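Copied over from TrEMBL, here are the features:
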BINDING   GLY42, VAL43, THR44, GLY45, SER46, GLY47, LYS48, THR49  ATP binding site
COILED    503-579  coiled coil
COMPBIAS  620-638  compositional bias 'Basic and acidic residues'
COMPBIAS  662-672  compositional bias 'Basic and acidic residues'
COMPBIAS  764-774  compositional bias 'Acidic residues'
DOMAIN    1-380  domain 'Kinesin motor'
REGION    616-681  region 'Disordered'
REGION    745-774  region 'Disordered'
Amino acid sequence: TQYSFKEVFGTSVAQKDLFDVVAKPLVEDLIRGKNGLLFTYGVTGSGKTHTMTGSPGDGGLLPRCLDMIFNSIGPFQAKRFVFKLDDKNGVDVQCEVDALLERQKRDAMPVPKALSGKRQIDPEFADMINVQDHCKVEDVDEDNVYSVFVSYIEIYNNYIYDLLEEAPFEPIKPKWNNCNTPVRNGDFIPPQSKILREDQNHNMYVTGCTEVEVKSTEEAFEVFWRGQKKRHIANTQLNRESSRSHSVFMIKLAQAPLDADGDNVLQAKEQIALSQLSLVDLAGSERTNRTKAEGNRLREAGNINQSLMTLRTCIEVLRENQMYGINKMVPYRDSKLTHLFKNYFDGEGKVRMIVCVNPKAEDYEESLQVMRFAEVTQEVEVARPVDRPLCGLTPGRRFRNQAFREELSRKLELQGGPVLGETEEQSVTETFLQSFPSLPSCELLDINDDQTLPKLIEVLEKRHKLRQMLLQEFAKNVLAFKTMLQEFDSSVASKENYIHGKLSEKEKTIAGQKTELERLEKKIKTLEYKIDILEKTATIYEEDKRNLQQELESNRQKLQRQASDKRRLEARLQGMVAETTTKWEKECERRVAAKQLEMQNKLWVKDEKLKQLKAIVTEPKNEKPERPSRERDREKPVQRSVSPSPVPNAPPVRLRRRRSRSAGERWVDHKPPSNLPTETVMQPHVPHAITVAAASEKALAKCDKYMLTHQELASDGEIETKLIKGDVFKTRGGGQAVQFTEIETLKQESPTGRKRSSPSNPDPPEDAADSEWTDVETRCSVAVEMRAGSALGPGYQHHAQPK
């Protein structure tokens, strides 16, 4: 089977290579204000959690994403509490004073150690976040400020739980009494499931979820690790630490532009951009006949498989809508997993799936199903443009502000720093005087000195020129300052006018909103009245429904009783019919057996009488038969041989063998081991025959003729040999079948023709015939039986069973 994917990674691929191809584009989109979803999918034990979190010394996708985010926005992060998330999946910008109050309030309160950025890293996960790549996003908007918020939830048994919610007591360690039995902890409050809601932009979010503002990779991963310890895992037959829930780690990035001075955040909510990256570690699909799950594990496995099946159904419906141009409803609400990420599948961000496959042979069938579904997901393409708010301010504000501050601090350092009062004026004067050229010596020692005065005149002229230049520069600066003051006054006046206009608009808006509120309050009262009426009507309908349900239940119970009575009656009648049928069948069999026995006895008696009559008729007339007395017969019973003994004085007779009429063919000579030698002159002889004691397919396959030698006792007590012959045919199934064609009989008779009698019973009773017949029947119970299912005649198996 062949499947096609955008990228295939081998078993020895490094975490960095996987991150560069799959997760790095999602982080770049996050910083540019776009949403992203990355989840791992596969059977249980295929390495999904390892791909997401990594191992010591080699971090997975999650720590690498965090490291890339903070490497990119590190110097542009806002101070804590400048961005504040509301409870409706939105974000606000606080002024510096409110943010400072929030920080002071936070510093005064005891906070968890995970929120303190100045503590040492937990050695339990220190190796996982020690990423040496220093990967970052290029072309980050330097005129924006950024803040990162993280949250961690899990979907367990189709319920959403907050893994960062602080529980009052540890639920895993209950209290114990003196009898070594756990007691219920009344102070422990079990975690409450969260509710999904839709915000004003039709994006789904979890209400009441804990969202922590983090400022570094270490702090963010420590928050993740704290929630990871609370996640539901269990030991199964296939995985020692099997994830029993879907975990979702959400990274929100809030960004807003700086004001025109490049100093503070612009106080405009419409300019705030909030993007989100969701990293999902799905629980693995599993089969209960392999995991041997029971109890809670079985219920967890059922919910996991159901949510994954809903995900698959949503993807298939989206694919059908795209391929056939229909608008079939996607069942997002059938599972919390698909309902949470509904906006991603509708085009509000980029979705990427990592399919984890275990090369074990036991996972072959499940891995095929996983890859078949993952291949289908590639055919779904839903894209929607993202509208980013336009700032309209000059770019490069941040660096200009920084350069101005650096230049100001440098000049202050050159001037010795700011000084108050006369000291500052003296330092400025001294600096101003030091800028003039120094005066030469003015002492005239000779009347003919013609160098001192020209030098002095030259220096004074230079000073005069410098003074004129300074005066002109000062006048220009004064003029420029006056112009700036006038512009500032005009801007202040325009801003006041703008503010007054805005205030008047706001007052009008407030007045309109008050009117709207009054109208809505009246509407609310009307609706409340209607709701009361509807509630009363619903109560009446509920009562009627309850009565009808009770009546329906009584009728259902009555029908069930009637049906059970009918079934009992039918069972009783069937039992009576079966009993009567069995009784009459036995009676008929008994009567038929008795009748058959009676007819056989009569037939045997007639045969004996006919034989006696034949013996009397065929006696020689010249010799008078001598009838032995009954006493002599009783004393000396006649001993009969199987065949008459030859006359002692007769010459020896050469034995002749009777040749079969079909001796030219290849025969199977079937002689059962129970046959007796007859020692007769005529003996059956078949050349080129395979003699067997029991028929076999191997012997039948080599021959085309078959002969069965069958012996039985005749009615006169002599042995009768029958040669049953047939043809061998090949069956459709590749076997052999025999169709019998003729029977040759070789019979040996006694010349005396005397009737057998029991020597120990001289006076046979009335039922002697029955006993003799029974004895003969017992000794002659041999038969040729037909093989079951054969349509060609009697079979070739020989049986000898007493009746």
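Using N, Cα and C of the backbone, Cβ positions are placed for all residues, glycine too.
Curation does not apply to TrEMBL; its annotations are automatic.
These figures come from a predicted structure and were not determined experimentally.
Cβ neighbours within 10 Å of SER46 (ATP binding site), excluding its own Cβ and spanning all shown chains: 25. Contacts of VAL43 (ATP binding site) defined by a Cβ separation under 8 A and a same-chain sequence distance of 6+ are given as GLY284, SER285, GLU286, ASN358, ASP363, GLU366, SER367, VAL370, in order along the sequence.
Long-range neighbours of LYS48 (ATP binding site) (same chain, six or more residues apart, CB within less than 8 Å of its CB): THR40, TYR41, GLY42, SER243, ASP281, LEU282, GLY284, ILE354, CYS356.
Neighbour counts were taken as the number of other C-beta atoms within 10 angstroms of each residue's C-beta; across the binding-site residues GLY42, GLY45, GLY47, the minimum falls on GLY47.
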